[in-house]
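Enquirer: Below you will find the structure I want to go over with you.
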Amino acid sequence: MAAARLLPVPAGPQPLSFQAKLTFEDVAVLLSQDEWDRLCPAQRGLYRNVMMETYGNVVSLGLPGSKPDIISQLERGEDPWVLDRKGAKKSQGLWSDYSDNLKYDHTTACTQQDSLSCPWECETKGESQNTDLSPKPLISEQTVILGKTPLGRIDQENNETKQSFCLSPNSVDHREVQVLSQSMPLTPHQAVPSGERPYMCVECGKCFGRSSHLLQHQRIHTGEKPYVCSVCGKAFSQSSVLSKHRRIHTGEKPYECNECGKAFRVSSDLAQHHKIHTGEKPHECLECRKAFTQLSHLIQHQRIHTGERPYVCPLCGKAFNHSTVLRSHQRVHTGEKPHRCNECGKTFSVKRTLLQHQRIHTGEKPYTCSECGKAFSDRSVLIQHHNVHTGEKPYECSECGKTFSHRSTLMNHERIHTEEKPYACYECGKAFVQHSHLIQHQRVHTGEKPYVCGECGHAFSARRSLIQHERIHTGEKPFQCTECGKAFSLKATLIVHLRTHTGEKPYECNSCGKAFSQYSVLIQHQRIHTGEKPYECGECGRAFNQHGHLIQHQKVHRKL
């Protein structure tokens, strides 16, 4: 587009300075509705920026006058075109109101200018003709500067100009008003003085050093998103954000790490990634001294100490300490599972869960414990594992005082006191304290066994069962009794064994008062009172109250 046309600056041999007489109307660039309709969204955005910048600069000179209607329209987010006037006063679009009464001798104007060609590429119509002031394309991406020009004269009685001038960058006095477009960088003498923020948002009172920054900010309040992606239709409030978004479609990743070669779409992501190599963690929690690579991670962490949960689900009222967790939660209500595994077709509501799941297929365990060398497929599991070495249990139950190494474990424990079971099975109605227990239970109905032993091919519905099974092959017995030194492959088995030394029998029968050291033994015992025999022989139909008794009975049929 050609450069934006601004009114020539009227000045004469008056004793008052030009600045004292300059008003916003003298330099405003007004549009008719037809001209406004012809602009694309990007041009409209640039027009808004230039007009607001112009007004801000005029105001900064301390000149009197009320706020023009067009500025009020822009602040309200309305279309800033002016109504066409009737007859000879019909708007010329790009010119302010008083310009309709002026006639410009373009030949004189251009010959007075330092032998430079007119920046608007007007054509000479002859010495006796007035210049054709028909609108040219409105705004360019180059800098537009309004400053002092050679003195012109206006005959106020006849409303005829004796001279007129095209504005030239060479004639600028830098003490005058300067209007700059968004796309050009400010030179030091053009920038707003350091620390000064003259542009204030009328909605929230926030101040900015440039009007273009104010305009971008105001789109938060108006919801305006003029920059639209031509591929997917997604809209953005800033052109720079659209440029970054386009890289999703093009696959462009121009920012490459010098250490490992990993590439990123956005420079800020590369800067954060560099901290992995340098080990830099500049953001430290004042409560517990834990440090983070990103400020956002610190802010999220601090909510553990404050208990703040600012993100509330509008459907169920549940609150979260991070916006991404809220978005993931909302998919519980919508049933949306946008992340699909290419190997088995299983879908997930959270991308992180998909990545964890894919490691089942690849066997990848990228998170290694620095203490014992044990590797894990999930970082959160490694963090929990670290507490085995440190013994740290920072989360305490307010009911019973029991402490836990992880906050989620505390939350699950608290449901023992409240008896809350928020996760119900749609098939049978059985409810569970933990969501993971529901998922595992649902495999009873589906028959799914996604966890397969690499040694013998045996499959399991729960990952924990696979881990326990693998110890049969490895012979690992990580749980040792401190009393007698006996080792066990399962922690639960160690707990039961310890009761041999303590004599503890916490499970008591309500019918006869007999106590047991194991919950499973209590369940078997209670069948004596109820007469329940859930284990039935497929050969003869005989039923038993214990699974072990059924196994023994079936050997009778095999001998026959």
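Every residue, even glycine, has its Cβ placed from backbone N, Cα and C.
Take a look at what Swiss-Prot says about it:
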| type | residues | note |
| --- | --- | --- |
| DOMAIN | 22-93 | domain 'KRAB' |
| CROSSLNK | Lys125 | SUMO2 cross-link |
| CROSSLNK | Lys136 | SUMO2 cross-link |
| CROSSLNK | Lys148 | SUMO2 cross-link |
| CROSSLNK | Lys162 | SUMO2 cross-link |
| ZN_FING | 199-221 | zinc finger |
| CROSSLNK | Lys225 | SUMO2 cross-link |
| ZN_FING | 227-249 | zinc finger |
| ZN_FING | 255-277 | zinc finger |
| ZN_FING | 283-305 | zinc finger |
| ZN_FING | 311-333 | zinc finger |
| ZN_FING | 339-361 | zinc finger |
| ZN_FING | 367-389 | zinc finger |
| ZN_FING | 395-417 | zinc finger |
| CROSSLNK | Lys421 | SUMO2 cross-link |
| ZN_FING | 423-445 | zinc finger |
| ZN_FING | 451-473 | zinc finger |
| ZN_FING | 507-529 | zinc finger |
| ZN_FING | 535-557 | zinc finger |
Enquirer: Give the residue counts of the zinc finger (339-361) per reduced DSSP state, in the order helix, strand, coil.
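Expert: Within the zinc finger (339-361) the tally stands at 11 helix, 4 strand, 8 coil.
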Enquirer: Given a Cβ distance threshold of under 8 angstroms, which distant residues of the chain, six or more beyond its ends, lie next to the zinc finger (535-557)?
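Expert: Residues packing against the zinc finger (535-557) from afar: 524, 527-528.
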Enquirer: Could you tell me what the rest of the chain brings near the zinc finger (423-445), counting residues at least six beyond its ends with Cβ under 8 Å?
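Expert: Contacts with the zinc finger (423-445): 412, 415-416, 461-462.
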Enquirer: Residues of the same chain, at least six outside the zinc finger (311-333), with any C-beta under 8 angstroms of its C-beta?
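Expert: Result: 300, 303-304, 349-350.
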Enquirer: Please indicate, using numbers and ranges, the residues of the same chain that are 6 or more beyond the zinc finger (507-529) and have a C-beta under 8 Å from a C-beta there.
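Expert: That would be 496, 499-500, 545-546.
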Enquirer: Would you count the other CB atoms within 10 A of the CB of Lys225 (SUMO2 cross-link), including those on all shown protein chains?
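Expert: I count 15 other Cβ atoms within 10 Å of it.
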Enquirer: Determine how many residues of the zinc finger (423-445) DSSP places in helix, in strand and in coil.
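Expert: For that range the per-state counts are 11 helix, 4 strand, 8 coil.
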Enquirer: Within the zinc finger (283-305), how many residues are helix, strand or coil going by DSSP?
Expert: 11 helix, 4 strand, 8 coil
Enquirer: On the 0 to 100 pLDDT scale, where does the zinc finger (311-333) sit on average?
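Expert: Here the predicted model's pLDDT, averaged over the zinc finger (311-333), is 87.
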Enquirer: To see if you understand the setup: which same-chain residues, six or more apart in sequence, place their Cβ under 8 Å from that of Lys421 (SUMO2 cross-link)?
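Expert: Lys421 (SUMO2 cross-link) has long-range Cβ partners Arg415, Ala431, Phe432, Val433.
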